[in-house]
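Per TrEMBL, the features are as follows:
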ACT_SITE  Ser149  active site, charge relay system
ACT_SITE  Asp226  active site, charge relay system
ACT_SITE  His260  active site, charge relay system
Amino acid sequence: MALKQISSNKCFGGLQKVFEHDSVELKCKMKFAIYLPPKTETGKCPALYWLSGLTCTEQNFISKSGYHQAASEHGLVVIAPDTSPRGCNIKGEEETWDFGTGAGFYVDASEDPWKTNYRMYSYVTEELPQLINTNFPVDPKRMSIFGHSMGGHGALICALKNPGKYKSVSAFAPICNPVLCPWGKKAFSGYLGTDQSKWEAYDATHLVKSYPDTQLDILIDQGKDDQFLSDGQLLPDNFIAACTEKKIPVVFRLQEGYDHSYYFIATFITDHIRHHAKYLNA
């Protein structure tokens with residue numbers, strides 16, 4: 001599969017690159033960002049996948065989070081895909097910011113007209129890792145995932161639906177229980193239809209209840225002054241309760257004074273890189 005390099009910039013001794021490719025799953029051109037730390041010059045490195053939130057592209061994380069220094073020091077290849085298919089000309093995909101373009105919700109849609117292109121779950125768990133493993137110096141057996149908001153939801157469900165695939169998972173202000181929040185209800189009814197039992201297959205709080213073992217160390221940071229927390233969009237308490245019941249270790253840190261923005265992410269990003277490096281470099 002041909003990769004077209006869009007940009008390349010040296011950063012902390014490594015290279016921050018952006019590529020474009022024709023996606024088989026999404027049936028459109030997709031961009032992803034990839035950081036190659038200096039260690040990739042001498043061997044294969046672990047891969048850490050970042051999933052962004054609503055309205056984002058591959059650009060937000062690489063330009064705002066300040067992750068490069070920690071990724072360089074720990075020798076991690078960091079991959080940040082886009083958040084939805086692009087330019088599919090589906091009626092309604094550009095109408096609202098929380099559904100359609102920039103809002104793929106990391107599900108495989110089962111409803112028309114979305115089901116042909118909106119297959120972000122298969123894209124981030126199957127197609128993209130295969131593409132990365134084939135074209136870059138990464139160790140396919142060492143892979144982890146993290147994300148923010150809608151992408152925090154994505155990271156949690158990818159890890160919970162695939163026991164053993166990811167060495168670790170973490171999230172910033174994730175949408176923890178989408179079947180019960182306005183964003184989730186809107187997205188899931190559009191992509192997955194009205195049968196709510198289908199929704200639970202993409203809900204971290206439900207998935208954790210049937211997770212087969214406890215070998216997953218979860219780190220979550222949540223800003224206490226996050227407007228979406230008080231609006232009932234994120235519902236971390238439901239997820240924490242489900243993890244506690246299943247005895248799955250989760251470190252949940254409520255951060256005083258922080259909101260939902262990339263200023264919050266930038267503050268704690270090094271802790272998250274360190275969390276993943278502990279498992280990826282073990």
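In case you wondered, yes, glycine gets a Cβ from its N, Cα and C as well.
Note: TrEMBL annotation is automatic and uncurated.
Neighbour counts were taken at the CB atom with a 10 A radius for the active-site residues Ser149, His260; the maximum falls on Ser149.
Cβ environment of Asp226 (active site, charge relay system): Ala173, Leu234, Tyr258, Asp259, His260, Phe264 lie under 8 Å away, each six or more residues apart in the same chain.
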